[in-house]
Structures are given as C-alpha cells and as structure tokens.
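A.B. asks: What follows is a structure written as structure tokens; I'll ask about it next.
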Amino acid sequence: MNKNGGPPVANITTSSTTITSTTTTQAKSQLPSSLSVNNLHTTQGSTDQPTILGVTEPISTAPPSSIDFKLSTELENTLISFNLFESPEESRKREEILGKLNQIVREWAKQVSLKKGYPEQTASEVVAKIFTFGSYRLGVHGPGSDIDTLCVGPKHIMRSDFFDDLSDILKVHPEITEFTTVKDAFVPVITMVFSGIPIDLIYAKLALTAIPEELNDLIDESFLKNIDEKSILSLNGCRVTDQILKLVPNIPNFRMALRCIKLWAIRRGIYSNILGFLGGVSWALLTARICQLYPNSAPSTIIHRFFKVYEIWKWPAPILLCHIQEGGILGPKVWNPKRDKAHLMPIITPAYPSMNSTYNVSKSTLQLMKSEFVRGAEITRKIETGECTWKNLLEKCDFFTRYSFYIEIDCYSMNEEDSRKWEGWIESKLRFLISNLESTPKMKFAVPYPKGFTNNLHKANNPDQICTSFFMGLSFNFSNTPGADKSVDLTKAVTEFTGIIKDWLRTQPNPDTMDIKVQYIKKKQLPAFVKDEGPEEPVKTTKKRSSTGEPSATRKKLKSENSDNKLNSPKSPITTNINSTPTTSTPTTTANTTTNTTTATTTTTTTTVPITSTPTSNISSPTMNSTELTTPTSTSTTTSNDSITTPPTTTTINSVQPPSAQPTENGSSTSNSPTSTSINNTALPPNPTTNSESTIETTITLPTTLESQTSTLKDSNEISTNGTAVATEPTITSPSVNINESSTSTSTTTTTTVTEQQIQTAPTTATPINKTIVNTMEVNELSFISSSSETSQSKPPPKKPTISIIRGN
C-alpha cells in the first residue's frame, strides 16, 4: 500500500522518493487515516515543529480548537457530498493505466534506439520513464479528472520522435480514444483518453545516454543542463509539484484545503489558466502559502485565512513559497520583479527556474477574482459564527445574469478531430481578444466564462456539424454627463482577433470545414443551454385587483409596470459568420400618443462574412445610407418575455442616465429623476437604497455608405399636463441593403446575404477603408425630465451609445 492507501505500481514514478502515488477514496469511511480530520493535529506540522517554511515567519502557530475540528469535519462531509473523492476501484484503474503507458514508452524508446543504429543490447538498456505531476501528483484529483504525465527520454530521442513515432503507436492503441497532438503549444502536449481516463502527456529530453531505472525524482538541477527550453518547461511541472509538497508543513491539511479552494474556484467561474484566471498550480501555490503562514491550523481555518489574506493582498506584490534562486548569464530566465513589472498577479513557482504561473491574468479577470476573495472572506466569517454553511461558499456564480451584454463565439467543425483542434486553438487565443477589448475606450471589463458549451441549436439545418460556444460578459463605462460621447468602437479588438484565427486556419489541410461566428447579444438573448450554469434569475410578480376588488392571479410584471421602467426593443445580434444564411425579418412598430402618432419600420440586417484559408485582395468597401433613429412617445405595452431583471451587485459601472418611470392610469409610463445604470460584476448584495436600474437595448443595423451620414436621435418626449414626462420607446428605421447596387433610401425592408463572390464583384462607390465590412450596433436609451423640475423645459438628451464592430474579410 502506498502512503495514501492505494496499491503501488511498478515502473511508475511520481517525482518523489517519499510519496509514489496520490489516491483518495470516495466515501468518508474509506478515507485513509492521514486525511481524517480527527488525525490532522497528529500529522506533519505539529505545534513543536521548529522548521520555518516560506520567506517569512508564520503569522500564527496556534493549534486547532474544538470548533476548528468541528468545522473541518463539516467541510469534509460537504466535499464528499460533491463527489470529490474517487473510489478505490477508480484509483486502481488509474494505476493500471499508468503502468500500461509506462510500458508503451519503454518499448517506444527501444524501437527508436534501434532505428538510430544502437545495438540490440544497448537499445534494451535505453529506457523512457513516466512521471506524474499536477493534481494527481498533489493528491487532490477526483473522479473523472485527468492525469498530467511527463515522459523523460535520453538525449538521442528527439521531440520529433515523440510526436511522430510515439504518436503513431498511441493513436492505434485499442484502449486510446480522442487522440490529439498540440505541437505548437507553449508546452507541446499529446492529449488522449486511455480507457476512459483523460491523460495529458508531455516530453522532456535529458542530457543522458540512458534514463536510470532508479531515477525517482527530478529535483536535481543538473537535469536542466544542456537541454532545450521546451524540455525545461516540461520538467518544470514535476519539479514544482515536488517543491510544493516539500514546502507545506502539513500535507493532509493542505490537500483538504486545496480540494475546497479548487471546487470553489470552479463553481465561481474563475478556474482557467488559459483564459486569464488561475489554474491548478496557481491555486495550489496560493493555498500552500497560507499553510506556511498558519502551519498548525485545521483545514477550515486555512480556508478562512486564505480569503482573509488575499482579500487585502496588495497586488502585484508576488506570492513566494521560497526565495527566488537567481540563474547565471547562460542559464534559463528567472522571474524578475523589475523586468516583469507588467504582470498583474504574480504567483511564482518555487522550483528553479522560478516563473510566474499567472502571466495570462488580465485587468478584468483580476478584478473578478478580487471581488470573489471579498465574497469568500465574508462567507467564511459567517461560517465561523454559524450564520452560513460551506455550501453557501460553494454556490454557483451568476455569470449569465450578471452582465447586460455578452459576446458569443461559436466554433464550427465537421468532425471530432477538427473540433478538438479548432476549439482548442480559439480558446487559447481568447485572451488576446480580452486584452484588446480592455484597451478599447469606454470598455471597463471583458470577462470570459471559463468553459465551452456544446451548442446543438444548429442541428436542424446541419446535423453533422459540431459547434462549441464560448461567452464573455461586457461592462461599459459611459459618462453620465448629458451630451457626452457614448460611442464604442470594437474594430481593432475584433479584427486583430479574427486575424490571428485566420492565420492558423490557413495552415490546416481542410480549412473549409472549420468556421467561427461571433455574436454580440443581450442577456435575454442568451441560449437556453447556459441556464443551468448558475442561479436562476428571479422573476418579479405582482398582484392586480379585479373590478370586484378581489386580487387576480399572480403573473409576471410587465416592463411598463416596473418602477425602473426598463424599456426594451428586441433586436437581432450582430454576427460574423462563415457559410451561414441569414433570415429576413421585417418587424413594424407603431407607437401612439395623446399628441401624435408615429409609424416606424425596423430593418435588421445580418452580414455573413466567409473566413477562408486564403486572403482576398480585391474586396471593395461597402457604402452606407443614412440610418434614422426616431424616438416617438409610446403607450404600447411590452410582453412579459422582456421582463428581465438584473442580479444584485456591489460593483457599479456608471453608464447613461436611464429613467425611473411609473405607469399612469392609461398604461403609459411617466419618468422620475434619472439614475445611473448598474452593470453587475459580482454576486454581492445590492445597495438597499438603489431601487432603479436600466437595460441598455441593442440595435443592429448595416450601414451602406462610408460618407459622413449619421443616425439621428429625435427626442419626441411629450409633457403631460401635470408637468411630468411621458416615457417614449425607441424605434429603429434602417434602409435596405444591396451590396451590388447604389445605396438609396427605401420604405421597404429587405435582408441581403453577403457572400464572398458578391464582395469580390461589388462596385467601388467610395474609397476603400481597410477593405472591411462595417456593422454598427446602437445601444439606445432615453433622457427624461425630472418629475421635480419646476419648468417644462427638458434637458438635452445624452448622446446614444453606439458600439461599432468592423469585421475583416
């Protein structure tokens, strides 16, 4: 039996001479005694331990109290209820799979040696070995989690041999499925599923003629000499994992706390290294540092101190488990606070060469993690006083109700192999889109959701197509000053992102089978398959008395009846699409008032832009007709489907000044004093004094000239006899679009599909500007007269916020 209660496996090393495997059990009665809360104070890290771990002395060495043990027992039971501990059968299965994989790489090393001219006897002595790292090595893996593995080979076996010869062996193995190679990754990797267990396999070439059979760890820095940079990066995973286990004072307590922290990060939507949050290693380093500061504390105390410390941590002050070891002139680069001062949240790995494990963190993701630290600190304080439970800490996030606007990125492919490559490539580049969006004026935050979704909404039209969707929440920072500029141009952010995607697509053998579509959507337009990812949005209800005085049945409150008067006019999202056909939509809206009647026709046009493997150079710039936006006074009612509420928040983003309108007796809305828009970024409780919020409506139009013709906002607010303003609802009037004809205004509405052939043959009616197609999205809100105003003069309406996205061809 190994240290964790599982059987040892021959020929499998896990980079440690003291711990050879990391397995846990599922049921509480099956947990090994070393992980039992009742034995936490008797294991490594007792109160008389003189060793000081870390770069500073501990904050407290006090032993756990009886309350700490009680809370730790409750924590353990909560983690078991989330099925975080795998069964002994699955643990044995993992060990068996690792044994098979180890035997495969040994045989592969022999074959490569024979092919390169080594004698039979010498080739038989040349071995390759498998090491584990990551969550499996740390002992915090759960059912269905993957195993991070490292293959170490001698100096004559190249990385090309690993990705060619070994790949050929693995892909035809009967127990291996979903085989994929990612050669151009930061750390080149082979991913596969071996008998139902996901495995990531990387390779490192050591400067040795043969790998010793007795090699059990890779801590010795001599292994880093005379090897390539990719091998150093590959070795770093095992070396960091070993160092973490050596630098924590109590391994069982560390594991229990880390399991909770990882589950919390996943459920709160902040677990993803590739998208700018933190990965498993970074969360382990943060937890290990708290264990150093409180070496004798129980897991429940460690978790509370975790949030308490990082709630007030002054980023970018680095997190260090040990002092950084400087490298020589010719040695590998080591993290330097002066050279790497642009890093926002440095968490430094303890093994030489020290690196920042969080270089992908962005302004938006850091802000969200900070708010989650604050939330966690508040809840854990209440857990200690009995006001909350551990399940309150582990509640799902409200990402899909938190923001008013989202970007949806759909990745299309025609087979599983292409889907894994295409989806992985796009996901790995989303951080560049985030960075570009953050640098856009008026953009405050662009927050990704760290998970892709299988999207089957297209199956009716193309059942063979595979689609994965990613989402980002957007927050804008508009000024409340009347007349202030409220336009946002996302041209650069989007075109640079699509350019990176197309560059890779051109290198693929079948680029025509892989598409991407980007949509800018409102919260109420989110697809149904994301609804299970968080708490349901509350539905406001009201009781209306009948003419007899009896209360009628409860129903959804209409928008026109809401106290905050969220005026909505559903529009279609802007899309950049490959090989899709838009539908024709001709909605007509008629708005009547007591003083005038206005009829407006709305045209919504979707542009379809193919992204092909070869660039086009003869694309003429489209033209644009003037688009008029008229805002008539309206007494029309809004359907209950538009009654979307905004989740509570403590982080507000000043936007335009929306109205706070009350319904009149005839059904129209009268406005009160304007208030600022709150766009939620956290799930914290709202300010109880704030009782009004607004929904920014999105309107998509396709302008067809590049002349100085702009949309006009006509304020038709009507003043009632009592001096209050009557709420008006915007109506969009858009011209028809034909890319092959001169643009003229028309009263009919049409939808044009812009194909690659049409773009190439379109006449040039204006000077080409970057050879792009322009899609303009208008976010409209109204300005109202304060009900307390002494005069009937209305204030100048603020400029409408417009978000322009220019898609490259």
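Note: Cβ is positioned from N, Cα and C throughout, glycine not excepted.
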A.B. asks: Do you know which of Asp68, Asp200, Asp217, Asp220 Swiss-Prot groups with Asp146, Asp148 in the Mg(2+) 2 site?
C.D. replies: Asp200
A.B. asks: Need one residue: from Lys155, Lys262, the one Swiss-Prot lists with Phe133, Gly134, Ser135, Asp146, Ile147, Asp148, Asp200, Tyr271, Gly280, Val281 for ATP.
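C.D. replies: According to Swiss-Prot, the candidate sharing the ATP site with Phe133, Gly134, Ser135, Asp146, Ile147, Asp148, Asp200, Tyr271, Gly280, Val281 is Lys262.
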A.B. asks: Please report the Cα separation of Asp148 (Mg(2+) 2 binding site) and Val281 (ATP binding site) in Å, rounded to an integer.
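C.D. replies: Here the two Cα atoms lie 12 Å apart.
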A.B. asks: Please report the Cα separation of Phe133 (ATP binding site) and Asp146 (Mg(2+) 2 binding site) in Å, rounded to an integer.
C.D. replies: 11
A.B. asks: According to DSSP, does Asp148 (Mg(2+) 2 binding site) fall in a helix, a strand, or coil?
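C.D. replies: Where Asp148 (Mg(2+) 2 binding site) sits, the three-state DSSP reduction gives strand.
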A.B. asks: Provide, as an integer number of angstrom, the distance between the C-alpha atoms of Val281 (ATP binding site) and Asp146 (Mg(2+) 2 binding site).
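C.D. replies: Cα-Cα distance, Val281 (ATP binding site) to Asp146 (Mg(2+) 2 binding site): 14 Å.
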A.B. asks: Could you tell me which of these binding-site residues, Phe133, Tyr271, has the greatest number of Cβ atoms within 10 Å of its own Cβ?
C.D. replies: Phe133
A.B. asks: Excluding Asp146, Asp148, Asp200, please set out which residues of the same chain place their CB within 8 Å of the center of the CB atoms of the Mg(2+) 2 site, keeping sequence order.
C.D. replies: Gly134, Tyr136, Ile147, Thr149, Thr191, Pro198, Ile199, Leu201
A.B. asks: Enter the number of other CB atoms within 10 angstroms of the CB of Ile147 (ATP binding site).
C.D. replies: 22
